[in-house]
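Engineer: One structure, as structure tokens, below. Some questions next.
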Amino acid sequence: MAAKGAMKKKATSNSNKTNSRKKQKKEIELPNPKIQEKVVDDDISGSDVDSDVDDDMLVEQHRDDSDDSASDALSDGDQPFTDDFLQDDNKSSDSDSDSDHSDIERKSKAIDAKKEKEEKEAEAELVDNIKEQADEVTLPTPQELKEEAQGPPDLPRLQRRIKEVVRVLSNFKTLRQEGASRKDYVKQLTMDLASYYGYNDYLIEVLVEMFPAVELVELIEAFEKPRPMCLRTNTLKARRRDLAGILLNRGVNLDPLSKWSKVGLVVYDSQVPIGATPEYMAGFYMLQSASSFLPVMALAPQEKERIVDMAAAPGGKTTYVAALMKNSGVIFANEIKEKRLKSLTANLSRMGVTNTVVCNYDGRELPKVLGQNSADRVLLDAPCSGTGVISKDESVKTSKSLEDIQSCCHLQKELILAAIDMVDANSKSGGYIVYSTCSIMVAENEAVIDYALKKRDVKLVPCGLDFGRPGFINYREQRFHPSLEKTRRFYPHVHNMDGFFVAKFKKMSNSKAAPAPTTEQPEGGDEVIEPIDSVIKKKAEDKVVHHRIHESSTKEKVHRENGIAQHGKAENTFSGKKRKERKRFSREEISKSREEKRAALRTAAKGKPFSKEKKFAKEARTTK
Ligand SMILES: C[S@@+](CC[C@H](N)C(=O)[O-])C[C@H]1O[C@@H](n2cnc3c(N)ncnc32)[C@H](O)[C@@H]1O
């Protein structure tokens with residue numbers, strides 16, 4: 001109650017901050033009404049010590065804020081009409097004393113004529129606006145582009161063109177310039193985004209391939225702004241409402257983070273350095289981005305378990321795991337970089353963590369050091385390209401290349417296998433692995449998870465996070481396991497947090513082999529299953545189609561999400577033709593064919609062992 005009182009008092013006394021706070025709150029609660037997603041309590045609420053009182057406070061303050069803005073809007077909208085009405089009234093009452101009937105009629109006609117004139121003008125303006133909107137957006141000629149390239153970037157012009165090209169791409173049929181293809185517009189957009197926002201060609205091309213134009217600009221814009229500063233209450237030492245009360249009294253303007261966390265607080269502004277308060281020093285909280293709560297919530301550690309945090313420094317997630325375990329059981333917090341061990345141990349000691357052993361190994365070696373099948377749960381918060389945290393580190397825009405991503409995903413694949421090998425499938429309480437990155441690249445996320453599904457006896461389970469977008473199942477020419485839908489992606493423009501990826505596996509057996517593929521029909525369809533030979537043939541044909549698309553588009557990448565009309569047509573026609581020719585097989589025939597194929601593959605594999613180098617080269621190729 002004391003905290004609640006303090007919070008309210010602060011809200012009234014701090015009126016000068018109310019406006020900026022309202023603005024920020026809007027961003028946090030309503031990132032984008034079109035794509036705002038449902039958030040619910042996390043599945044580990046039982047482990048948190050806080051009560052719902054804090055959330056009530058948030059609701060109360062929100063209600064206040066929305067009431068304000070609603071009444072503001074009302075008065076803004078009503079006032080001019082009232083004034084006009086009174087003015088007319090006054091004028092007519094002035095002249096009323098000596099007016100006769102015809103005078104009134106004349107005035108009335110004049111008013112009618114004025115009204116009619118105004119309506120005509122408004123209509124003409126509307127037509128002009130529509131015409132202007134519908135005007136085709138012409139792309140610059142090669143000569144104009146050459147001239148542009150000679151001077152410094154004309155930022156207002158680039159900004160205008162980005163806006164216009166996005167508008168065309170969103171309504172291509174109506175707005176495109178005659179003779180210009182979607183590819184031409186995408187090419188222009190890619191160039192302009194790279195110059196305006198300062199991305200290298202590689203990264204901007206990947207982003208252009210991943211998102212439709214409108215959303216891409218929203219994402220890139222979101223990367224330009226910092227995310228809200230968050231802190232996590234250390235429940236080993238404090239309760240959130242007590243901490244909130246103390247910090248409010250110090251002049252920290254804050255609120256509960258969101259409904260899905262009972263330990264998070266969002267800080268709007270502060271009169272004191274938030275990383276140097278006595279409460280921070282005493283380990284009452286950790287400064288942590290909202291997204292970094294998520295892998296630990298997905299891991300859902302239980303008391304008395306044996307848990308490995310494979311890449312732990314500076315310990316944001318380890319200390320959260322320890323708090324959820326109430327300092328029971330044991331955590332092995334590993335970090336390869338010796339220098340980073342300092343921050344890890346400092347945080348563990350500041351936060352009062354006593355159940356953790358700090359290790360300094362390459363994570364790939366850990367199964368040998370800690371033992372195979374020895375842990376209840378493993379968290380792999382993997383080293384990555386950081387493409388989800390551009391707002392924190394702008395250098396990512398220019399420093400990441402295809403080679404960097406390839407070397408990241410190569411390491412990630414080795415680490416995920418080590419993570420799985422450490423978990424005991426027979427653990428009574430666990431048997432889970434959580435993989436996370438602060439990257440939005442498919443090669444570092446879905447491709448790594450798909451690889452693990454093929455190499456070990458694991459299956460994906462829901463992350464227990466009821467928000468976030470499902471991971472990709474199809475991405476360009478790549479086809480991932482349908483269960484990838486259980487993984488979660490988080491984006492700054494959608495969730496107002498850093499770009500992040502989370503996946504949770506359950507280990508099904510301690511065997512190191514992947515499970516034999518089942519002959520069962522894939523979920524969700526009555527479609528006839530093709531015999532494996534024809535599937536392989538069809539995949540090969542698809543590849544040919546994609547290859548042709550790339551050839552015909554010179555070096556340019558194809559923007560698939562926007563569904564390029566010409567290319568889409570070509571693909572459909574192609575597969576449509578094939579479908580007519582395809583023979584339908586019975587289930588028995590299909591199973592038999594699959595079994596024969598598998599037997600043939602097994603025989604071939606026995607005869608030809610893969611060298612390690614060849615295997616890695618193959619992996620690198622498949623993740624491109
Ligand atoms: C994303 S950060 C971890 C952040 C940490 N989990 C937290 O929440 O504070 C990834 C860490 O992995 C470490 N790392 C890189 N390669 C590694 C490897 N082969 N084995 C173990 N750790 C590694 C990096 O030094 C870095 O500290």
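Numbers run from 1 along the shown chain.
Cβ coordinates are placed from backbone N, Cα and C, and glycine is handled just like the others.
According to TrEMBL, the active site, nucleophile annotation covers C438. Here TrEMBL flags A311, A312, A313, P314, G315, G316, K317, E335, D362, D381 as S-adenosyl-L-methionine binding site. According to TrEMBL, the compositional bias 'Basic residues' annotation covers 1-11, 576-585. Taken from TrEMBL, the feature compositional bias 'Acidic residues' covers 42-58. What TrEMBL records for 88-120, 540-562, 586-599, 610-624 is compositional bias 'Basic and acidic residues'. The domain 'SAM-dependent MTase RsmB/NOP-type' annotation in TrEMBL covers 219-508. Summarising the annotation, TrEMBL assigns region 'Disordered' to 1-154, 540-624.
Explain the structural surroundings of these features, please.
Structural biologist: The Cβ of C438 (active site, nucleophile) lies under 8 Å from the Cβ of S291, S292, C384, G386, G388, V389, D498, G499, F500, each of which sits 6+ residues away along the same chain.
On its own chain, D362 (S-adenosyl-L-methionine binding site) has I336 as residues at least 6 apart in sequence with a Cβ closer than 8 Å to its own Cβ. DSSP gives D362 (S-adenosyl-L-methionine binding site) a coil state; it is part of no helix or strand.
Taken together, the residues in the domain 'SAM-dependent MTase RsmB/NOP-type' (219-508) have a mean pLDDT of 97 on the 0 to 100 scale.
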Engineer: Using all protein chains in view, find how many other C-beta atoms are within 10 Å of the C-beta of G315 (S-adenosyl-L-methionine binding site).
Structural biologist: 28
Engineer: What's the number of neighbouring CB atoms sitting within 10 A of the CB on A311 (S-adenosyl-L-methionine binding site)?
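Structural biologist: Taking every protein chain into account, the count is 21.
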Engineer: Given a separation of at least six residues and a C-beta threshold under 8 Å, show me what packs close to K317 (S-adenosyl-L-methionine binding site) in the same chain.
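Structural biologist: Non-local contacts for K317 (S-adenosyl-L-methionine binding site): S292, P295, V296, D309, L379, D381.
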Engineer: Measure the Cβ-based neighbour count of A313 (S-adenosyl-L-methionine binding site), defined as the other Cβ atoms within 10 Å of its Cβ.
Structural biologist: 23
